[in-house]
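What TrEMBL annotates here:
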- GLY169, HIS170, SER171, ILE235: NADP(+) binding site (BINDING)
- 10-124: domain 'Tetrahydrofolate dehydrogenase/cyclohydrolase catalytic' (DOMAIN)
- 143-289: domain 'Tetrahydrofolate dehydrogenase/cyclohydrolase NAD(P)-binding' (DOMAIN)
Amino acid sequence: MSLPDDTRYLKGGPVAKRIMAEVARDAAKATAEGFPPKLVSITVGDVEAVGVYVRNQRAKAEQAGIGFEERNFPADLTAAELEAAIHGMNADPRVTGIIIQRPVPRHIPIKAIQAAVHPLKDVEGMHPASIGNIVYNELDLAPCTAAASVELLKETGLDLKGLEVVVVGHSEIVGKPIAFLLMSEGATVTVCHHMTRSVAAHARRADALFVAVGKPRLIKADMVKPGAAVIDIGINTETGPDGKERIVGDVDTDSVKEVASWITPVPGGVGPITVSILLRNTMVALARQRALYQATYGTAE
Ligand SMILES: NC(=O)C1=CN([C@@H]2O[C@H](COP(=O)(O)OP(=O)(O)OC[C@H]3O[C@@H](n4cnc5c(N)ncnc54)[C@H](OP(=O)(O)O)[C@@H]3O)[C@@H](O)[C@H]2O)C=CC1
Ligand SMILES: Nc1nc(=O)c2c([nH]1)NC[C@@H]1CN(c3ccc(C(=O)N[C@@H](CCC(=O)O)C(=O)O)cc3)C=[N+]21
């Protein structure tokens, strides 16, 4: 989809491109040195919900020179079987990073599965140890979407110190890490969720509004402060007026763009940056694994 050349759109493409160039350079160097990076994607059962994400991961990984392997397990896999498979990948030196695509079937406890991924291979930053590092402001393996969203806000040039920010949605993978990253930047952060009495009342006070809920057109123009920056993280698939499937965010972009000073398009906003940060995290993970390998088996020079 082409977007109007409008400064109100905070496009993800240029930021993603910058990150991808850096990743491709690092991947080529590591490969030449005998350490080819490889990312393994785990999906369990119905892969439809994560289809776009996995497709883009494969395409971008190949473009950057990172190996990509998709492991799709049947929906009736037990948690113990999945953990065993993950332990195998933890022990496999050819696997650099592991991402468990969400959602997984209800009978699989996602927290336990994320904890099974070795922290050195946790490219999504979802192991409890990785998530904990965010509280300490150690951010080199931060959850990809949260890092991508904050990176886009920075593109506005707004000073994050003291900025009034509202985050709608408080999932472990998106909303909560966004709140932590923003706190580290000095913003004043309010987090809304389904029990919040009036999301609108909070949202209207925000200089920057992050939305990660999964409900098309949840945020309308009257919920946005004039001049605000709106970061739309939602990725929802719906049937458009032409009968074709399309991707929309959580923000009613047509009306909100008349009020906001900046708005991220969907598609073309946060999504592409998320993928490039996942690949960047893969290279960070590789560097850490190489450092450990060197410390363990290397000879003193
Ligand atoms: N662009 C990207 O790179 C990515 C996009 N996404 C997209 O972001 C969206 C959110 O994903 P994710 O966080 O995983 O989803 P979850 O379903 O895990 O979380 C949704 C959150 O929204 C809250 N919520 C639900 N209804 C409301 C409401 N009416 N008002 C305020 N808050 C509400 C929920 O609160 P409670 O828990 O209290 O019910 C919950 O915290 C999805 O559309 C997903 O596809 C996700 C990852 C990456
Ligand atoms: N463990 C886990 N981590 C996730 O981060 C995660 C997940 N599971 N499950 C599914 C959701 C959804 N999600 C997307 C990320 C990028 C695009 C993306 O690249 N979007 C392009 C789409 C372009 C196109 O249409 O091809 C864009 O917005 O421009 C889409 C969807 C990550 N999620």
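The backbone N, Cα and C atoms fix where each Cβ goes, glycine too.
Automatic, uncurated: that is what TrEMBL annotation is.
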Helix, strand and coil residues within the domain 'Tetrahydrofolate dehydrogenase/cyclohydrolase NAD(P)-binding' (143-289) as assigned by DSSP: 53 helix, 30 strand, 64 coil
CB contacts for SER171 (NADP(+) binding site) [other CB atoms within 10 A, all chains]: 16
Where the C-beta lies under 6 angstroms from ligand 2, the matching binding-site residues among GLY169, HIS170, SER171: none
Set of same-chain residues at least 6 away whose C-beta sits under 8 angstroms from GLY169 (NADP(+) binding site): GLY175, CYS192, HIS193, PHE210, VAL211, ALA212, VAL213, GLY214, ILE233
Neighbour-count leader, CB within 10 A, binding-site residues: HIS170, ILE235: ILE235
